[in-house]
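Here's the structure, in structure tokens; my notes come after.
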Amino acid sequence: MEGEMNKFFKVCLAIVVSLTYCFVIGKIVSKGTKRLICVLPIACLFMYLPLNLSSINCGGITGFFISWLANFKLLLFAFGKGPLALDPPNNSLGRFIAYACFPIEIPKNPPQIDQKVHNPSPPKSTKHNPNGKNNENPSRKPLDKPKNASNHMIQYPTKSNSRGQNRENPSHKTPKQGQKWVLVYAIKGLVLGILVTRVFDYKEYMHSKVILFLYSLYIYLILDIILATTAGLARALKGVELEPHFDEPYLSSSLQDFWGRRWASIPAVMATFMVSGLMHELIFYYWCRVWPTWEPTWFFILHGSCLSAEIVLKRVVGTTDTWRVPRVISGPLTVGFVMESCFRMLFPQVIQCKTDLRLLQEYDAIGAFLKSITRKLPLFS
């Protein structure tokens, strides 16, 4: 385990050096073919780096953030497009690295800082008569100051969405919403810990469908917690927000709801689903190190086709209450279709390569590694 951590540190160092090179290239090389030629070696390197990691956790996470997210953003950056070409990340090396590696959200309306209202010129002196009227303009009356008005601050009303975020600036949460967010992820972490340390030990006594359901729950929890952790770190270190990648996908009422809002912002374009399928094949290769079976690609082609058909059908018959399927029926059908297609097209390759067993062995190794470290501490020695 210690050797794997050393490899992971070297990979992270290579990523930082490579993105620093790209940051400098953006300053001295104009966008277009020349910048693309300079960036392509880094994109190839990012495809290779996860292969140096034998750990499923380290290799999968690195492949997702670097081989997938960073490479697509660097290709857009070569032509002056995408988040890396905008002013906030382009002016700071730290922000450039953060925006390249993580799904950073660029707020359309940056937060407004309360400022004092400065008058560019001193107000003209006016004379008021005893009746409270302006002598220069008798028709105007002095405005009454609101009781709750501040002497130097302007406040604007804001609206919140279902996630407890400001619609105009979704990165801001109220204290109560922040406490709820911490509680929710504490519960998710507890459930994940119970799955890994207790439930999976009794797999031989469970039905195969139950095991696959638990694997689905595990994947959702681990991805949600990893993205939430990186979001907290990015917010604390660089003051940036990560895009919300999940929004309770188990509450989806249709495929359009699942793919368009609750799971990931994927437009209904077949090419996008095909590219997503190919990138999942790459992540599976990092995990299994075997030739792709192309089942993940067919999974996304299937969902892209069904989603396109759903959108066309809604346009034909409309979305009135007459043709709308009750949520009590559409919800279970949607979640059931997604899970059953996952069982048949995503999990078989992972199970055949015994990736699930290797993953549990990794958690045992991580636990033993942490115990060995704590024993060396003076407090526990």
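In case you wondered, yes, glycine gets a Cβ from its N, Cα and C as well.
Automatic prediction, not curation, is the source of TrEMBL annotations.
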Looking at the ranges 38-58, 59-79, which is given as transmembrane segment in TrEMBL?
59-79
If we skip the immediate neighbours and take only residues 6+ beyond the ends of the transmembrane segment (212-234), which ones have a Cβ under 8 Å from one of its Cβ atoms?
61, 98, 102-104, 185, 188-189, 191-192, 195-196, 199-200, 206, 240-242, 245-246, 249-250, 339, 342-343, 347, 356
How about long-range neighbours of the transmembrane segment (59-79): same chain, 6 or more residues beyond its ends, C-beta under 8 Å?
8, 11, 15, 19, 22, 26, 31-32, 35-36, 38-39, 42-43, 46-47, 49-51, 53, 85, 99-103, 226, 279, 282-283, 286-287
